[in-house]
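The transmembrane segment annotation in TrEMBL covers 37-56, 136-155, 180-197, 263-293, 299-324. What TrEMBL lists as domain 'Homeobox' is 79-128. The DNA-binding region annotation in TrEMBL covers 81-129. The domain 'TLC' annotation in TrEMBL covers 131-332. Look at TrEMBL and you will find 339-374 tagged as region 'Disordered'. The compositional bias 'Acidic residues' feature in TrEMBL is assigned to 340-353.
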Amino acid sequence: MLQTIKDWFWLEELWLPPTIKWSDLEDHDGLVFVKPSHLYITVPCAFLLLIIRYFFERFIATPLAKTLGINKKIPKKIQQNPVLENFFIRSNRHPSQNDLYGLAKKSNQTVQQVEIWFKRRRDQEKPCRLKKFQEACWRFTFYLFLTIAGIGFLYDKPWLYDLWEVWNGYPKQPLLPSQYWYYILEMSFYWSLLFSIGSDVKRKDFLAHVIHHLAALSLMSFSWCTNYIRSGTLVMLVHDVADIWLESAKMFSYAGWKQTCNILFFIFAAVFFITRLVIFPFWILYCTVILPLHYLKPFFSYIFLNVQLLILQVLHLYWGYYVLKILRKYVLKQELEDVRSDDEEDSAEEDEPECLKNGRGAGRNPIPNGQPGH
């Protein structure tokens, strides 16, 4: 039964153009072609990245944070109160005025004392700026590394300058070492983000992050198995560029460097609009939707890939709306605010710029930094 499912899943009619067989993509004459088994290494590489991240945050991000004046904030201790603690956990972290009166009476305290208790209890749940800075610093560093690597891998490739070359000879296009390592790095990074999401700063869009990371991994895996490597590398590069600026804006926001944060956010917005709303629809989608029709007839994986890329473009428009909303707030109020606050209500730390999903958020998202970052 498992063999039947496997045979059905890998039907040549689903993955490959008409007349092309899996046997046509066997290694020969020193040429190597993509294989699904190549991607197995991304999981152990993801755990290696988590180890590297631990030491990076401890020995690089933390000293840098202290240099910028960011120290670990120790929340004020609160007196243990079973009545208030039970209400906090099971009912509401923000009791209404009527609840406050009732809780004050039950705990034999004043309303003001109960209000202070709940505020300090909420403070204990909030991630400190140091932790948020560490995470943003790691993502900034790796996005920068991926962007530099992508440019290094692609600068001498003809399909970077001539989109017709993306489909020349498809699908019998051999795998290059640079393409292999670019995909491995991207996918390993997204696996590491997925594995660490439970211990990272909790945000209200936790589920959205999980879905985004899984979608990005799915699309990258699909593009690999169907040998859409050339177009896939272009999509990843386009999405990586903007996330550098978003994460750097967050870092300076946590450090309290408002003017620097604002400048970096404006750069992020400009890069986001150029890459996601100009280059992606008018170059990348043109390359994946229109150009292949000159070489082959539409088939399932061609349709499946482009439907998902078109959905990604809709998400770009959605994220672009929020970026414009932030810019509008800046023009009107002369300050940047996060329109979708983390789970950090009434906190003085809510001066973070627009935290669009990471990744490649808003993701940033290779395919989809999803998030202009996933």
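Quick reminder: no glycine exception, Cβ is built from N, Cα and C everywhere.
Given the structure is predicted, the values throughout are model-derived calculations rather than measurements.
Helix, strand and coil residue tallies for the DNA-binding region (81-129), in that order: 36 helix, 0 strand, 13 coil [DSSP]. Confidence in the domain 'TLC' (131-332), given as mean pLDDT, stands at 92.
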